[in-house]
Each structure stands twice: as C-alpha cells, then as structure tokens.
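As given in TrEMBL:
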DOMAIN    6-135  domain 'tRNAHis guanylyltransferase catalytic'
BINDING   D29, G30, K31, G32, F33, H34, S75, D76  GTP binding site
BINDING   D29, D76  Mg(2+) 2 binding site
BINDING   D29, G30, D76  Mg(2+) 1 binding site
TRANSMEM  93-112  transmembrane segment
DOMAIN    138-271  domain 'Thg1 C-terminal'
Amino acid sequence: MAKSKFEYVKQFETEDRLLPNCWIVVRIDGKGFHRFSEQHNYIKPNDDRALDLMSRAAEAIMEEFKDIVLAYGQSDEYSFVFKKNTNVYNRRASKLATNVVSLFASSFVYYWPRYFGTQMMQYPPAFDSRTVLYPSDKNLRDYLSWRQADCHINNLYNTCFWKLIHEKGLTPAESQERLKGTMSSDKNELLFKEFEINYNNLSAVHRKGTILLRAKNDQINGDLDLGLQLIPSGSSTARGGQSAKSQRVVSNLRAGKNSRPNIDRLHIDLIGDQFWTDFPEILDPPKR
C-alpha cells in the first residue's frame, strides 16, 4: 500500500486478533430464511435440495480453508472448526468471519441451479457470521453437541407440526396450539400413534444434521447417509457392531455425484464418545 499523509487513519482500526491455542469456530446463519424458504417453495418440513445445497457450499469453504478440521450443519446454518494452531489471516476474527460468510453466500448462489434446476431465485439470500473461541476440547465438543441437540429438537417439532397440517388438515395456528407444552416423548408418541411413524427411522440427515470431514486418501468419498440404520443415541456405531469409520461407503441415492473429492458427509451422532473415539485425529492431529 502506497504511503501518504492520510495513512494515519489506519490507527482507528480495531485489533481483533484471536487468542492463541484455542479452537476457532465460525458459524454462518441464514438471514430471514423463514421467508426465503417460503418464497422459494421449500418442501416442508425438510427440503433435501436445500440441505444438499448448504452442504455443497460448506464443502467449498473446506476446499478453500485447509485448516478447517470439521464442519457441522443443519437447517440454514453451518459451523466451521479451525484447528487450534491455525494462523489464517493472523487469526483476525473479522477477516475469518467475513471471508467465510462471503464465500459461503456466493457458493450458495453459484450452485443453486444444480439443486433447484430451472427454479429462479426471487431475491439474493443473505447470511450472517460470527467467530467464537473455545479454549478446551470439552468446550468444543459441548458446542457441537449443542448444535446437534438443537437439530433434533427442531426437527422433531417441525415433523409433528407439518404432519398435523398436511395430513390432519390443521391450520398452522392450530398445529402450534396442539404442540404447545409438549415434551419430546409426547411428540414421539403423537407421530407413532397418529401417523405410525417411528421417529428414529426417519432420515438421519434430518435428525442428526451433516458432519463434513476430510477423507483419508485410501477411502472412498461420498455422502454417508446412515438414515436406514438405527444409530443408538450417544453412539456413532450402527447396528451390526461396525464403527462409523468402517462404514465410510458411498451412498449414490442422492448427493454422491455432487460430493467433492476428499470430503465425506456423515449423518451420525457426535454427542456421545464413540464419534470422537472413531475420529481421534480431530482433537489430536498427528504431529508433523
């Protein structure tokens, strides 16, 4: 940058370098996506086109920023976990947040036709972002557990809410009133008794969200939707005793051809210990 007498104004810039030796999480959220989903005719309660588009945009972030060790997404949000010792943009919070969210938004628009075909965007989408530090591994795990628990709570509610509207003919206000004050057990009972639905048998991507991990060189990459398998709460191990790592097989049912090289999509539990046992390199990367 050329020197000039006006350069003194740089003194007004705020130093926002993040503390060292802490996990950095950049979370992006869709702004006003309730309206956006209505204007673009999203399928309720879950639109797999939109979820796949969000994951494809998130993969673009991981392709650009090699220091991201894991990403987790659900609904209209994604969280990107940078390794503790990253020095990307000198750990400046504003640079991290703005670069991640701008690339995510542009990728969302760029890949829109791949998932929504000839359906045109009615107006540009917007996303906000924030950068948060987590000093310990437990803090990071609790953060990711919070987001996945949020996914479960919202999806259980929305599944009941839209079933009552679509199949029982209730209005949105009536459906909301019907579910007012109900616990998770009440919602599970409602789905089973009135719609013969076992919530645990619904698609795992809707119940668990999506975890993005970098694939090993000797593994097949793709969309790992374990939705047809019952994965116990608190465990990433599916029926049959196989670990999540041994089940890294490609699902071509939906997003296999759209999945980018070297990034796997997993729809499994990360709240329990099993996930972290299966993927110890996330918290404890090998020393170079």
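Glycine too: its Cβ is placed from the backbone N, Cα and C atoms.
Projection of TrEMBL feature records onto the structure.
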residue: D29; record: GTP binding site; Cβ neighbours (10 Å): 16
residue: G30; record: GTP binding site; Cβ neighbours (10 Å): 21
residue: K31; record: GTP binding site; Cβ neighbours (10 Å): 13
residue: G32; record: GTP binding site; Cβ neighbours (10 Å): 12
residue: F33; record: GTP binding site; Cβ neighbours (10 Å): 18
residue: H34; record: GTP binding site; Cβ neighbours (10 Å): 10
residue: S75; record: GTP binding site; Cβ neighbours (10 Å): 21
residue: D76; record: GTP binding site; Cβ neighbours (10 Å): 21
Across the domain 'Thg1 C-terminal' (138-271) the predicted model averages a pLDDT of 78
For the domain 'tRNAHis guanylyltransferase catalytic' (6-135), give the DSSP counts of helix residues, strand residues and coil residues. 59 helix, 31 strand, 40 coil
Grab the GTP binding residues from the record (D29, G30, K31, G32, F33, H34, S75, D76) and give me their largest CA-CA distance in Å. 13
